[in-house]
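As structure tokens, the structure follows; a few thoughts come after it.
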């Protein structure tokens with residue numbers, strides 16, 4: 001058999017899949033056109049990229065400027081936190097003022113106040129009544145003859161007078177050394193009231209005793225009275 005001849009279909013397929021079949025002139029001309037087209041489109045593309053490049057530079061500058069601001073903000077935050085912590089500690093350890101003065105440690109008046117001022121303030125705040133905080137009654141504020149029982153006085157066994165304790169010795173000496181009252185014995189000539197000692201009627205014919213103060217009693221009653229007392233029953237101060 002003879003050599004196989006290539007048909008037009010085979011040649012067309014070969015040209016379709018092989019780029020070397022293109023003429024060199026056509027290929028060089030196409031390459032030049034493609035290069036010119038690429039250069040024409042490259043310029044607008046590079047010009048369009050210029051704004052993005054400037055924007056990137058601005059972003060980089062902003063990032064560089066903001067980089068030191070973060071530590072500064074942190075340092076400022078720490079300073080603010082330390083200041084607030086100091087104020088909180090000061091308020092926690094502050095001494096309250098008794099008078100409610102302005103400031104954590106009270107006013108200067110409360111610091112420099114004297115003990116006399118404190119006593120005067122307590123006296124002003126004390127109620128005027130006689131309660132626990134009011135003025136108390138002092139024994140010496142009343143005369144002895146108005147309130148002798150406050151002094152722990154006693155009743156004299158001689159004259160039956162209530163005597164203050166500080167005058168007890170002098171009064172006993174005077175009463176014991178005082179001479180007995182003398183009386184005039186008499187017989188009652190008529191009925192005259194009642195005896196102040198026995199509270200019985202003084203009748204005509206009764207033996208009576210007439211004292212210097214002109215008081216009359218039954219003789220027996222006044223004798224018993226003088227055994228204990230040295231004064232008239234109706235005039236103990238004489």
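Note that Cβ sites are derived from N, Cα and C of the backbone, with glycine treated the same way.
Here Swiss-Prot flags 35-77 as compositional bias 'Low complexity'.
If you look up Swiss-Prot, you'll see 2 marked as N-myristoyl glycine.
Annotated phosphoserine per Swiss-Prot: 20 (among others), in sequence order.
Residues annotated as phosphoserine in Swiss-Prot: 24 (among others).
Residues or ranges marked as phosphoserine in Swiss-Prot: 75 (among others).
The feature phosphoserine is assigned by Swiss-Prot to 82 (among others).
Taken from Swiss-Prot, the feature phosphoserine applies to 107 (among others), supported by a large-scale study or a structure entry.
Annotation comment: Swiss-Prot describes 110 (among others) as phosphoserine.
Annotation comment: Swiss-Prot describes 141 (among others) as phosphoserine.
Swiss-Prot lists 147 (among others) with the feature phosphoserine.
Contacts of residue 189 (phosphoserine) defined by a Cβ separation under 8 A and a same-chain sequence distance of 6+ are given as 204, in order along the sequence. The DSSP secondary structure for residue 189 (phosphoserine) is coil. Here Swiss-Prot flags 189 (among others) as phosphoserine, drawing on similarity to another entry.
Among the features that Swiss-Prot reports, region 'Disordered' is placed at 1-137.
For the zinc finger (195-236), the model's pLDDT averages out at 84. Marked as zinc finger by Swiss-Prot on the basis of sequence analysis: 195-236.
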